[in-house]
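Asker: The structure is given below, and queries will be raised subsequently.
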There are 2 protein chains.
Amino acid sequence: MTPPNATVAAQTIPLPPGFRAHSGAAGLRERGDDVFVVVNDGPSPASSAVFTRSLFAGPSVVLSRANAASGRARGVVVVAKNANVATGEQGMADAREVLDHAAAAVGAAPEEMLIASTGVIGRRYPMDLLRTHLDGLAGAGFDADAVALATAMMTTDTHPKTARVEVTTTTGGTAEIVGIAKGVGMVEPDMATMIAVLFTDAAVEPGVLDSAFRAAVDETFNCLSVDTDTSTSDTAIALASGAGDPVGEVELREAFEAICLDLTRQLARDGEGATKLLTVEVTGARDRAQAKRVAKAILNSPLVKTAVHGADPNWGRVAMAIGKCHDDTDIDPERVRIVFGDLETYPAFPGEAELERLTEIMRAEEVTIAVDLGVESGAGVADGACTVYGCDLSREYISINADYTT
Amino acid sequence: MTPPNATVAAQTIPLPPGFRAHSGAAGLRERGDDVFVVVNDGPSPASSAVFTRSLFAGPSVVLSRANAASGRARGVVVVAKNANVATGEQGMADAREVLDHAAAAVGAAPEEMLIASTGVIGRRYPMDLLRTHLDGLAGAGFDADAVALATAMMTTDTHPKTARVEVTTTTGGTAEIVGIAKGVGMVEPDMATMIAVLFTDAAVEPGVLDSAFRAAVDETFNCLSVDTDTSTSDTAIALASGAGDPVGEVELREAFEAICLDLTRQLARDGEGATKLLTVEVTGARDRAQAKRVAKAILNSPLVKTAVHGADPNWGRVAMAIGKCHDDTDIDPERVRIVFGDLETYPAFPGEAELERLTEIMRAEEVTIAVDLGVESGAGVADGACTVYGCDLSREYISINADYTT
């Protein structure tokens, strides 16, 4: 699906009515903002949040998971450059203190606030810097826009990711949704993803917000993989202020899907060291789970990724990747079809001319591999399908990650 | 376990009594041998073979699986540079023809022969070249040694892998086992592995040979991963000639384990682009399966692999990798212990001095990460354990694989 009305990042994207935000430099990184605080002052705040399933989820995830349960979270503080994960009991105490200071600065209760952190694992927060910065916020301007927030939380991202859609309200007007996201390495979300925050002025009940948001995340962020590594800090949050009019559940879900898909594609395209967006579409599967399993096997294969990087017409590696799903015994290689762009490679068995065309297709900035599994079902061919998003694997990925902390 | 009496490749390693082999250049690659044929002329031939579980297993695997069922295979033909996989019905016909020609050359029946192929997927064999070469074999010398065979089947390997052990027979004498292996990319064996062939002159029944070989493969080749991609052509074969004396089952299994471990470590160390051998030892797991799952999550994490490559003391990535096993809910992060070499990093929380020592440890040619999960069991701490073998991830891996076929 192509986002119908999503727009890419402009220079400035104000948050929707009902929200105000601060972005600042506490000194966690050498230069630039590294902390932001958003508060939802709308008349009917609602929230939804999904988190990493990592066993090593950090204190930020633990605290946010508890505070998000009400569906009425009123704000979020995000700390970049340090994930505060695997830091023991002191790490939990530090996270609580950051939450306390941030809540005090915006006049909320700590249990109304969420917290997300991203960066190095296994290092304690520089608490002196964070304390000083957050205590100075009470009188500060809260006028940061979405681009500023998206920039403040970047780690190895090369540009801020923002998206905006409008959605029709039940009264015939429009509400807006603004989303920000970060995370281009250690990205294979499972229940949740990197860090993403959606803001909307729509008036919506927490239960409706939650189901629409979870459905959208499942189709988008959860179909993203840069490198198969799942962050300990993945957090995706949706906040609604109610400063605008009500929005129907279907409209909200479609709008969320559009904006999350836009952000997902931006994240994949900016994957660490990536030069291309790689999309894998699997159809004809027994069910969506099977389609996703096969699609991920292709998307995550380092040999497929390096072939895409080098535009090497080595389509056989896609067959190899499908073959890895050996517990899916209902997949019959003789019924499988593999297509790059509009060129069938299997079972067409390309000759020299087709291999040259395949090279051309693989040289594009966006490479799409479509696989039909042709699984037989009682009613003919099964219709399970899933599309996943990733990127190629380049030398630059190694360069970025071989000396990340030093 | 360290191989007690395995030796690394010498200049020449003769096959054990009972075997004779030909290695030659059919012209599949620009220069060097690319085909070999081994025949077991011993008085009591026995064989065992395990294969890839890939859904896209090639015709060589399909034919060998059938011919290996007897436990009495008498020889093997190996073709390098072309895997003959995803080649449709013609590919199967081609494989049968190669098997026929090879069998005729050594005076065996086709169904007594095994076949293994390795190389590009999705291309047909150059049958003219293979036919001509194999038909010329009848009068050729069959005097190739193990190093020549190991060399003939290399693809991106930088050197041939051979190993040799002696094993005490039931009569107090010695039998020998010579092994060869290849495969340094597309390597995450599941039921089997890359290509490996073990030759022994020991007299052993097929059933004993089979159980000893499978046990050894499970502890060694199946604990190897270079890049998480599983070959469509993985094949591991053991051939016994019976030209020597009988060997006990325990002695045979221990000797097989030693030789397979030696070859496994050689393959890992020569992983595509690798500069280091990475060993991950997990203990304190519920069972071996859980230990292996966690060990593989660490071994296969591109972020752990790149940190090891750059000697970046980013130990937190090991915590991240463990956290990915989120279905293992009996793993409690507060009971986990992470050790690099002899340096505990979690929950020790290294300071600056320890991080410098960690950098030193990670600069070595061999990096060992030990993780104790501390899973509680009824009887105290669980004792499931597994050790796995891999390598770092370097820019060179990308270079090798971005233009493999062109």
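Glycine is treated like the rest: Cβ placed from N, Cα and C.
Nobody curates TrEMBL annotations by hand; they come from automatic prediction.
From TrEMBL, here are the annotated features:
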- B:Thr155, B:Lys182, B:Thr193, B:Glu272, B:Asn401, B:Thr406: substrate binding site (BINDING)
- B:Thr193: active site, nucleophile (ACT_SITE)
Asker: Chain A proximity: which binding-site residues among B:Thr155, B:Lys182, B:Glu272, B:Asn401 have CB distances under 8 Å? Answer 'none' if there are none.
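Answerer: Cβ contacts with chain A under 8 Å: B:Asn401.
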Asker: Would you say which of the binding-site residues B:Thr155, B:Asn401 has the most Cβ atoms within 10 Å of its own Cβ?
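Answerer: Within the set of binding-site residues, the most crowded position is B:Asn401.
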Asker: If H, G and I count as helix, E and B as strand, and all else as coil, what does DSSP give for B:Asn401 (substrate binding site)?
Answerer: helix
Asker: Let me know how many other Cβ atoms fall within 10 Å of the Cβ of B:Lys182 (substrate binding site).
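Answerer: There are 26 such Cβ atoms around B:Lys182 (substrate binding site).
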Asker: Please report the three-state DSSP label of B:Lys182 (substrate binding site).
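Answerer: SS state of B:Lys182 (substrate binding site) = strand.
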